[in-house]
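Visitor: Structure provided below as structure tokens; questions to follow.
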Amino acid sequence: MTERTFSILKPDATRRNITGKINAVIEEAGLRIVAQRRVHLTEAQAKKFYEVHAERPFYGELVAQMTAEPVVVQVLEAEGAVAKYREVMGATNPDNAAEGTIRKLFALSIGENSVHGSDSLENAGIEIAQFFTDADIVG
Ligand code: CMP
């Protein structure tokens, strides 16, 4: 089934000017970038986006990192896009990420791990709606 998933190219990627390199990996994997916008997240936006992690010890640092530099928010489309993008991203901790994955290629640490991708189709819908309207997405 054709799905849409939500992606963020994180501040460590914009800071190092490697968003194009990451997009190349995304596109080579067969994911289509059907919406994309560069945005500097406010603290309120980052806190809301990562609300599920509010009780985790790394929450404060996560919010600080996500608001330190601009990000690129994206909608990616493909057959089975949610699982496909998680495979392309690799494990959250780059030390555990498989060869050829975005995090293996580019991530600096578990916090500065270059990309975020939705963990389920349901969350993809919720996350996409935080940044894009239907009119923004051109499949
Ligand atoms: P992401 O997929 O954006 O979802 C939550 C983020 O928290 C995760 O990627 C990591 O970048 C960040 N993070 C920082 N420390 C940890 C940790 N110990 N465990 C999981 N995620 C962490």
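The backbone N, Cα and C atoms fix where each Cβ goes, and this holds for glycine too.
Pasting the feature list from TrEMBL:
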type     : residues                                   : note
ACT_SITE : His116                                     : active site, pros-phosphohistidine intermediate
BINDING  : Lys10, Phe58, Arg86, Thr92, Arg103, Asn113 : ATP binding site
DOMAIN   : 2-139                                      : domain 'Nucleoside diphosphate kinase-like'
Visitor: So, by DSSP, how many helix, strand and coil residues make up the domain 'Nucleoside diphosphate kinase-like' (2-139)?
Guide: 64 helix, 28 strand, 46 coil
Visitor: For the binding-site residues Lys10, Arg86, Thr92, Arg103, which sit with their CB under 6 angstroms from an atom of ligand 1?
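Guide: Only Thr92 qualify.
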Visitor: Expressed to the nearest Å, what is the distance separating Arg103 (ATP binding site) and His116 (active site, pros-phosphohistidine intermediate) at their Cα atoms?
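Guide: Here the two Cα atoms are 10 Å apart.
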Visitor: Since the record lists Lys10, Arg86, Arg103, His116 as recorded positions, which of them has the fewest other Cβ atoms within 10 Å of its Cβ?
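Guide: Across Lys10, Arg86, Arg103, His116, these recorded positions, the one with fewest Cβ atoms within 10 Å is Arg86.
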Visitor: Calculate the per-residue pLDDT averaged over the domain 'Nucleoside diphosphate kinase-like' (2-139) and state the result as an integer.
Guide: 98
Visitor: If you count other Cβ atoms within 10 Å of each one's Cβ, which of the binding-site residues Phe58, Asn113 has the most?
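Guide: Per the Cβ count, the most surrounded site is Asn113.
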Visitor: Rounded to the nearest angstrom, how far is the Cα of His116 (active site, pros-phosphohistidine intermediate) from the Cα of Lys10 (ATP binding site)?
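Guide: Cα of Lys10 (ATP binding site) to Cα of His116 (active site, pros-phosphohistidine intermediate) measures 7 Å after rounding.
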Visitor: Across the record's ATP-binding residues Lys10, Phe58, Arg86, Thr92, Arg103, Asn113, the largest CA-CA distance in angstrom?
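Guide: Max Cα-Cα spread across the ATP binders: 21 Å.
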